[in-house]
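Q: There's a structure below that I have some questions on.
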Amino acid sequence: MDASMSGTSSVQYHNIAEQPITTIVTTPASTFQRQVRHCFGNATPGEFPLSANPSIVLHVLTGCNLDPQDLATLEATCSFFWLPANFAPDNELSLAELAALDMCRKRAIFKPMTQEQRQDLKQRCGGSWKLVLRFLLAGEACFRREKSHAVAGPGHSIAVSSKGVAYSFGSNSSGQLGNGTTEEEWRPHPIRSLHGIRVIQAAVGAGRTMLISDTGRVYAFGKDSFGEAEYGVQGNKVVTTPQLVESLKDIFVVQAAIGNFFTAVLSREGRVYTFSWGNETKLGHQTEPADTEPRALLGALENIPVVQIAAGYCYLLALACQPSGMSVYSVGCGLGGKLGHGARTDEKVPRLIEQFQTLNLQPAVVAAGAWHAAVVGKDGRVCTWGWGRYGCLGHGNEDCESAPKVVEALNNVKAVYVATGDYTTFVVSDEGNVYSFGCGESSSLGHNTAVAEEQGIRHSNVLFPEVVTSLKQLNERVVQISLTNSIYWNAHTFALTESGKLYAFGAGDKGQLGVELSANQTERAIPERVDIDLG
């Protein structure tokens, strides 16, 4: 890795050209019999001492993109990796710490940070560059930051390409498509006023859209309210083109989530801010419903970095990264047990969901549906909890679960992604297969094949996870699923493949599928390709 990438020319140990490792290590292989490898080469003749070339070792560690846990294991294994390496600018850092810092410098959200901001983040993460690296990698893994993705909103949709171009289509009564009009449009079109701005994340609510740029700026359009209910009275003003959210100009935002009655954003440093929901018993602060000022989320998460947020109907989930491991906090309305604390009471400040410790599960991805929630663990297990109507929890019944419960029907599946909507759940496996369960209304589960249509089998609920065969037949590896998270709108679903192809099915009465329907058709049962390339 070249020193210029880090912006610190004085770091001499970076000045090794990128080339195959075999061309760097030119010392011929020893002919001596080796029984034990010695880092310092002081026991066996002909041993290649690592300590003689720490720059090469650092280059290898950085180039291999080792996991932070692997770096910690190296430190625990040999003193060569945990003793001070005596490299400028910080002579006290070990090789493992320097490798972690180098890998942090490769991350898009870390590069523009000042030295002071980097040090603040280091202390917030626990005082180690390995912990900072884990924080950055976890954020990239749990939602598709900097990658192509699609969002199936209530009546309208947003798709973001790998180059950061945002497309909009569907309902536009409040200007939520950002194209300067309030006319409905089923054809996906790029939002032209954002030309030259690279979008990295999109959030969609009823009649409202928020887009995050790679510089941390937030653009909003549609209903002019951060806290309006889906059918609220405030927010009569509409904005038909993307407008910079002035109150967030001093916060580098990496994710936004729109819930009912409130909006939340996540900063680069892992701090959570919320708008509106003007009652201190809900989010721990008192604001007016039309408030446009972000308020830091109080309580336990004030000093714990968060890597992902997810908003449902009147509640918020936060995936936190602590030195002890990953954890999930919840706050807001507890109806149906969706906060996951074993009860159905509200929480006005974030509270740790302790059940994951009992299950010995490290959360990796979190999803908040309207009335239920789900988590994928690092080991591939899936947990669901909340209101179990229509079988959306995948446990074979419609019972409520007030604490996370492992979906046993997926025990033989290693999940990597989960998405939740209004009583529906989708799971993506490491092999790219997709499973769905819950409410089958609007054909949004993807199980309504052509044969089922002919037999009149439509809109049936699914109590256990079932493979979405209509997606499997595409012979494409699915990497992301998005489904409508609203209790007032008919649901639709997107499936994004590894090659950047987008498929849509479910309700399409407002053009939200991005495909043209026939005159009397209001939904699409079988996935159809949307005519945009997000790769």
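Heads up, residue numbers simply count up from 1 along the chain you see.
Glycine residues also receive a Cβ, built from the backbone N, Cα and C atoms like all the rest.
If you look up TrEMBL, you'll see 149-482 marked as domain 'RCC1-like'. Taken from TrEMBL, the feature repeat 'RCC1' applies to 164-215, 216-269, 270-322, 326-379, 380-431, 432-499, 500-535.
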Q: Take the repeat 'RCC1' (500-535) and count its residues per DSSP category (helix H/G/I, strand E/B, coil), listing them in that order.
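A: When I sort the residues of the repeat 'RCC1' (500-535) into the three classes, I find 0 helix, 18 strand, 18 coil.
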Q: Counting each residue once, how many in the repeat 'RCC1' (380-431) are helix, strand and coil under DSSP?
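A: Its residues divide into 6 helix, 23 strand, 23 coil.
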Q: Mind looking up the mean pLDDT for the repeat 'RCC1' (164-215) in the predicted model?
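A: PLDDT averaged over the stretch: 96.
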Q: Using DSSP, what's the helix, strand and coil tally for the repeat 'RCC1' (432-499)?
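A: Going by DSSP assignments, the repeat 'RCC1' (432-499) contains 12 helix, 23 strand, 33 coil.
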